[in-house]
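The structure appears right after this line, and notes come after that.
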Amino acid sequence: MPSVPPAPLRPAATSRPRHGSSEAVPSRSPQGPHAPARHFTRRLTDRLAHRLLPADREVLWLYAATRLGLWVCAYCARWLFPADGSARHPAPVLSSWQQWDWSYYLRIARDGYFPAGAPQPGTTGWDNREAFFPGFPLVLRAAHTVVRDWTAAGLLVSFAAGAVAVLALARIARLDLPGVDDGRRTVRLFLLSPCALFLAVGYTEALFLALALPAWLAARRANWPLAGLLSCLACAVRISGVFLVAAMCVQFLCDHPARRARESGHSTAAWVLRALPWLALPALSPLAYAAYLHAHTGDWWAWKHAENRGWYRDFTPPWTAWHHTWTAAFGHTQAAPYAVEFQFELLAAVVGLALVALLLVRRRWPEAVYAALGLGSLCVSYWYMSIPRATLLWWPLWTALAAATARRPRLETLYLCAAAPLSTVLALAFLTGRWAG
């Protein structure tokens, strides 16, 4: 037997080209015209995966699973509830998602706010599209340059934005509920909530949350430049961004600027002066939109007046609005499908009032301001409208519910057993063209 192990086999040496030779040195980089893009995508994916915690991956898995469930609902809606009961073929695949407000976003993204040949704003035949802020239509138009089908582009925008939103919500939960929830419970309650469908359709909720929740995280960490930039973008998507900015201002005051200044090595005055411009930055979005509308209509409040004309958003005392909504819900003055939606409006308003009261009792002043302004703005119309959808924007509701269900597991069971079928019913209502809030 040999006394020493055999030497390992080595690859034969290859001759390298001499200096000045015309032979090309084999490249170690990926080949092909799309290699740089693939390399960048791979590096970006690896970096994102490295930054995701195990709980984040579970959150994304839950998000993907609930999206699949909504597509199952959409498939069943096309086959079981066609517009023509005698139809032999279902409607086109994406037709279920082309409902209600989607048509406004599509027309704005495709044609602009004031297309040539359209009626004058405020006249007969005008669709009051200026009531919708430009953020989502602009992103939709950008996505359409890559995805040529408008509906698919809108769904893709909401899908990507929703993923960002649930990750940010999970991190807010970890910040607010340390040792109680790693984010999964909060996101689970959120994604199975009755109006969670609106995170998937071509509406503004997902995009707004994808900007607002990271902005709030940045504000909690006193990163005011990032908070200001993100909330400025959020204000371009929904007027709710203004309520977010109000909450951020309260957060700034509650955040002990003197202590933050000492931690950063600045004087209190310098710290405040460095933060204030970023807190003022979000005002640019609504002001720019108002100026744009004024240039075309001569009205600085054109978006609000369009809401009044199209959706009965004229100021009404909240007790009168409650009476109108109650009559619509239980007075047999509306068709049954609309009456039950008004019942949901009343229930959501009660939930919102309870949330504001809870936040005040717990002295969560910034979140209380955000929830109170959001709820109050919807309770001073002729009647309540879209409050159930607005619950998606109230992230303190979902963290509070997560904290409560962590202490009382039966409460979570009760919530899920009620919310899951209700969310399915509302999803089917929307996907078949019925009013769903």
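Glycine residues also receive a Cβ, built from the backbone N, Cα and C atoms like all the rest.
Taken from TrEMBL as is:
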REGION    1-39  region 'Disordered'
TRANSMEM  150-169  transmembrane segment
TRANSMEM  189-216  transmembrane segment
TRANSMEM  228-254  transmembrane segment
TRANSMEM  275-295  transmembrane segment
TRANSMEM  342-361  transmembrane segment
TRANSMEM  368-385  transmembrane segment
TRANSMEM  414-436  transmembrane segment
Positions on the same chain near the transmembrane segment (150-169), where near means CB under 8 A and six or more residues out: 52, 56, 59-60, 62-63, 67, 94, 97-98, 102, 105-106, 109-110, 136, 139-140, 143-144, 183, 186-187, 190-191, 199-203, 205-207, 209-210, 213-214, 216-217, 395, 398
Among 189-216, 228-254, 275-295, stretch most in contact with the transmembrane segment (414-436) (C-beta, under 8 angstroms): 189-216
Sequence-remote partners of the transmembrane segment (275-295) [C-beta within less than 8 Å, at least six residues beyond its ends]: 113, 130, 133-135, 224-225, 227-229, 231-236, 239, 241-242, 244-245, 248-249, 252, 257, 301-303
Distant-in-sequence neighbours of the transmembrane segment (189-216), which means Cβ under 8 A and at least six residues beyond its ends: 62-63, 66-67, 70, 97, 99, 101-102, 105-106, 132-133, 135-136, 139-140, 151, 154-155, 157-162, 164-166, 168-169, 172, 226-227, 230-231, 233-234, 237-238, 240-241, 244, 247-248, 344, 388-389, 391-393, 395, 398, 401-402, 405, 412, 415-416, 419-420, 422-423, 426-427, 430-431, 436-437
